[in-house]
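Taking it in order: structure first as structure tokens, then the write-up.
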């Protein structure tokens with residue numbers, strides 16, 4: 001089912017080249033202009049999606065099982081895992097629907113697009129929520145439990161899910177407006193800036209705190225420098241993974257708006273599945289960064305799995 005011209009759906013139809021670039025792509029082939037297209041085997045795509053599903057299901061199951069993990073922080077981590085689960089699951093389902101030519105199955109496309117878009121928005125929102133939660137736990141430590149109560153966290157979670165579903169419905173309905181794509185790009189940049197500012201501030205505070213301890217105990221400065229380097233490396237990895245996994249997808253949305261007829265942009269459009277694969281990779285990495293580092297959660301996972309040592 002070719003999806004050229006006015007893109008029929010916000011996410012599903014982005015797995016194609018706009019009309020203007022369709023003819024230009026043929027011209028590029030005639031002139032011999034190089035165009036790098038990275039093929040992603042369906043088996044690899046589905047395997048990554050399956051790994052993401054298993055990982056995030058384990059996170060949700062562990063948090064649901066252990067009452068000690070029923071806190072605002074783990075509430076956001078659980079919802080991040082759930083949204084990541086939906087991201088990978090909906091993309092796998094999307095791939096299956098696109099591969100099926102039956103008209104009845106194709107009618108599910110709009111529903112799947114809304115699910116995919118809303119789960120992506122939720123995933124970004126919960127990454128930001130986790131950053132805010134950690135920021136409050138550091139800079140308002142004495143009042144943290146009165147500020148970030150579980151009911152407040154649950155209300156924030158409900159608001160994020162409702163806002164994401166409503167926004168996704170509007171985005172899918174008005175998919176052919178450039179403003180829709182720009183809103184998504186601006187939202188991604190806002191989350192990136194929010195996370196960068198909060199984590200950089202937390203790192204700066206941690207370095208100052210470590211320096212104060214060093215002065216108090218009269219230790220050697222190199223220890224502080226080593227701590228700062230480790231913290232900077234951790235921050236670089238955290239934000240770098242976020243940007244590398246999500247950035248190409250939103251770069252493509254930006255190019256769809258600003259250069260739909262450019263040959264170079266046309267080459268980028270052809271790698272849509274690569275960008276989705278990077279997002280799936282992010283849903284695999286998120287549990288490793290935010291969930292599996294918790295000793296309590298790992299202990300609960302051992303009980304859930306009922307075998308071996310975690």
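Cβ atoms here come from the backbone N, Cα and C positions, even for glycine.
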Report task. Look up the topology recorded in Swiss-Prot and say whether residue 35 and residue 152 end up on a common side of the membrane. Result -> no
Checking 15, 29 against Swiss-Prot, the one recorded as N-linked glycosylation site is 29
Of the ranges 111-132, 133-154, the one Swiss-Prot annotates as transmembrane segment is 111-132
The correct DSSP tally for the topological domain 'Extracellular' (259-271) reads 7 helix, 0 strand, 6 coil
Could you tell me whether the transmembrane segment (272-292) and the transmembrane segment (111-132) are in contact, taking contact to mean 3+ Cβ pairs under 8 Å with a sequence separation of 6 or more? yes
Reduced to three DSSP states, the topological domain 'Cytoplasmic' (133-155) has 20 helix, 0 strand, 3 coil
Sequence-distant residues near the transmembrane segment (38-63) by C-beta distance (under 8 Å, 6 or more away from its ends) are 69-70, 74, 77-78, 81-82, 84-85, 87-89, 91-92, 95, 271, 273-274, 276-277, 280-281, 283-284, 286-287, 291-292, 297, 300-301, 304-305
One stretch in 156-175, 184-203, 233-258 has more Cβ pairs under 8 Å to the transmembrane segment (73-93) than the rest, namely 156-175
